[in-house]
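Lifted from TrEMBL, the feature list:
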| type | residues | note |
| --- | --- | --- |
| ACT_SITE | 321 | active site |
| ACT_SITE | 380 | active site |
| ACT_SITE | 403 | active site |
| BINDING | 443, 445, 492, 497 | Ca(2+) binding site |
| DOMAIN | 313-406 | domain 'Transglutaminase-like' |
| REGION | 1-32 | region 'Disordered' |
């Protein structure tokens with residue numbers, strides 16, 4: 001903290017008539033602790049050297065020593081002691097003479113923030129006793145030799161997390177003598193998923209290794225029919241990341257006394273991860289122009305973003321949902337809260353949370369973009385954090401949805417969660433926080449409403465299965481996909497699903513019934529369409545299939561609209577319009593192909609190479625409308641990564657990234673990024689241009705620091721081509 005801010009606070013003090021102590025919401029600020037606290041007048045002959053005096057304190061804080069090993073904190077690239085709450089750790093104190101328990105009295109003091117108070121958990125005095133009670137503050141001597149004692153210290157399983165300052169205090173008849181302020185003895189205390197009394201306790205060791213200790217993960221994107229994946233480096237153990245994560249809580253002005261509660265931490269963090277309304281970490285941008293910043297698709301992990309924010313205190317540009325979720329995951333795992341990144345395919349962004357997305361069609365059956373306000377995101381990423389929910393009835397603990405992407409406000413700020421996944425599944429959306437919004441993201445229905453020429457609105461079609469059709473996360477211990485749709489919803493059409501919906505409606509989720517409208521679906525003709533898998537820059541076809549189950553001949557006036565869309569489902573431009581009349585013979589199926597040429601879409605293409613097709617068909621004989629929409633993603637080329645030299649910790653090696661330009665055009669303003677936690681810090685290089693059909697090669701030298709299985713992640717970004725990734729698993733040997 002700079003000096004100027006402190007003086008401002010001093011000026012502010014007298015104005016506040018309600019508080020004796022100013023808000024204590026900075027882990028960084030400190031108070032002065034006196035080295036000699038006299039009980040009264042000190043006699044002239046008093047010499048503090050005559051009493052027990054602390055010469056040195058040894059913290060056992062190296063990664064290979066007992067504390068970091070037992071507390072699973074040996075991976076943090078941080079020289080100070082880092083322990084988890086509710087579990088004992090050891091320190092050693094050297095005195096100027098042997099300690100005599102009969103006459104000598106000393107105790108430990110932990111301080112946090114500028115205004116430490118015992119009842120707020122920011123001042124913790126610990127007397128030395130004979131027994132340690134599990135999950136409560138205490139200390140006992142486990143070894144005495146010459147002038148040295150070794151202490152085992154137990155922290156409370158509910159204590160606040162953050163950075164504490166340690167002092168040793170010695171009693172003398174005339175006053176208390178304390179050790180000097182020494183930052184080398186600072187102690188970080190984190191959440192402890194290994195401790196049964198901790199609110200974030202997780203009982204499965206493999207899950208703890210994945211959700212707390214794994215520093216790389218997978219982001220699933222694309223769409224439900226064509227799931228794509230890419231790696232993301234969380235880097236929660238990298239240098240300065242722990243301090244950056246603690247700074248986020250200071251930035252959010254979370255009172256220090258509230259920092260032992262994972263519910264509060266998640267709620268404030270979901271607001272501070274995005275820059276809306278509080279100058280938080282990441283500025284979102286969904287408009288395909290990323291001037292003065294980094295395109296969201298170019299990031300390969302969270303470390304650069306958090307470190308840039310920690311040093312500049314200004315929002316980092318730019319992010320989209322997987323970037324917010326990736327950084328949020330780093331924050332949670334770094335503090336010790338088990339967390340995972342979730343992708344919901346066909347995610348509803350329902351502006352008024354009425355469980356209904358309205359798509360308005362004009363009289364020709366085309367979507368009217370002026371009236372249509374709701375959107376379907378091809379996919380949306382959020383996070384789940386694991387914790388008990390003592391504020392809710394029994395049974396709603398476990399995974400909680402938290403979302404840092406700014407979509408809608410909650411209690412006046414852009415934030416979302418924590419909302420119990422179990423409560424969402426069963427429709428108990430009355431339980432805080434933001435459950436109705438998340439329920440709508442995975443359960444809304446799509447209503448296609450047509451405006452007749454006379455101005456009346458007729459519901460032409462209802463699609464109840466499109467939204468939230470697949471919800472996934474990375475599997476434990478591998479890079480595969482785990483389908484967790486059933487954690488969020490019962491099987492489509494089951495009795496339990498209806499019951500959950502009725503429960504949600506009872507608890508105030510708005511649901512307009514279809515009974516009050518004149519909707520009769522067309523039952524004797526089915527329509528479906530398939531989009532051929534295609535590589536970027538090639539032609540492909542869309543096949544529309546009708547199944548006429550009736551004994552009548554029909555003609556269907558069919559309209560296909562191809563749009564280039566942002567992955568949020570918002571249209572940028574319509575690049576293909578095609579209408580035809582389809583003759584449907586009785587009791588038979590017929591298919592029709594529509595060709596899409598690369599010249600029709602290449603000029604307008606957006607970064608995710610994402611198309612959205614709407615097909616509407618009017619059965620001329622009955623006037624009924626069939627409507628369907630699908631998103632599709634083009635195959636984008638990948639980066640190839642190779643290594644050269646011995647893969648040994650502490651020894652130089654080379655990483656080679658190669659890319660061949662497959663497009664029928666030159667790529668301009670190409671940037672490559674490469675990172676791998678424990679192997680190399682993020683490196684980037686700009687290349688002016690890559691002509692068509694040519695190959696680019698980039699060699700980076702590095703010295704890996706951590707042995708074991710590591711992952712290298714690379715991304716390529718250019719004006720015409722984004723979302724190009726490559727990755728490689730490497731086994732780094734011990735030296």
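Cβ coordinates are placed from backbone N, Cα and C, and glycine is handled just like the others.
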| request: Count the Cβ atoms, other than its own, that fall within 10 Å of the Cβ of residue 445 (Ca(2+) binding site), considering every protein chain shown. | output: 19
| recorded positions 380, 403, 443, 492, 497: which have a Cα within 10 Å of residue 321 (active site)? | 380, 403
| message | Quick check for the class: what is the C-alpha distance, in angstrom and rounded, between residue 403 (active site) and residue 380 (active site)? | response | 10
| task | Among all chains shown, work out which of the recorded positions 403, 492, 497 has the most CB atoms within 10 A of its CB. | result | 403
| Count of other CB atoms lying within 10 Å of the CB belonging to residue 443 (Ca(2+) binding site) | 24
| query | So which other residues, same chain and not among 443, 445, 492, 497, have a Cβ within 8 Å of the centroid of the Cβ atoms at the Ca(2+) site? | reply | 464, 465, 467, 468, 489, 493, 501
| query | How many of the residues that make up the domain 'Transglutaminase-like' (313-406) does DSSP mark as helix, as strand and as coil? | reply | 15 helix, 41 strand, 38 coil
| said: Tell me the Cα distance separating residue 380 (active site) from residue 445 (Ca(2+) binding site), rounded to the nearest angstrom. | reply: 17
| request: Might you list, by sequence position, any residue in that chain lying six or more from residue 380 (active site) with a Cβ less than 8 Å away from its Cβ? | output: 321, 343, 344, 347, 349, 405, 441
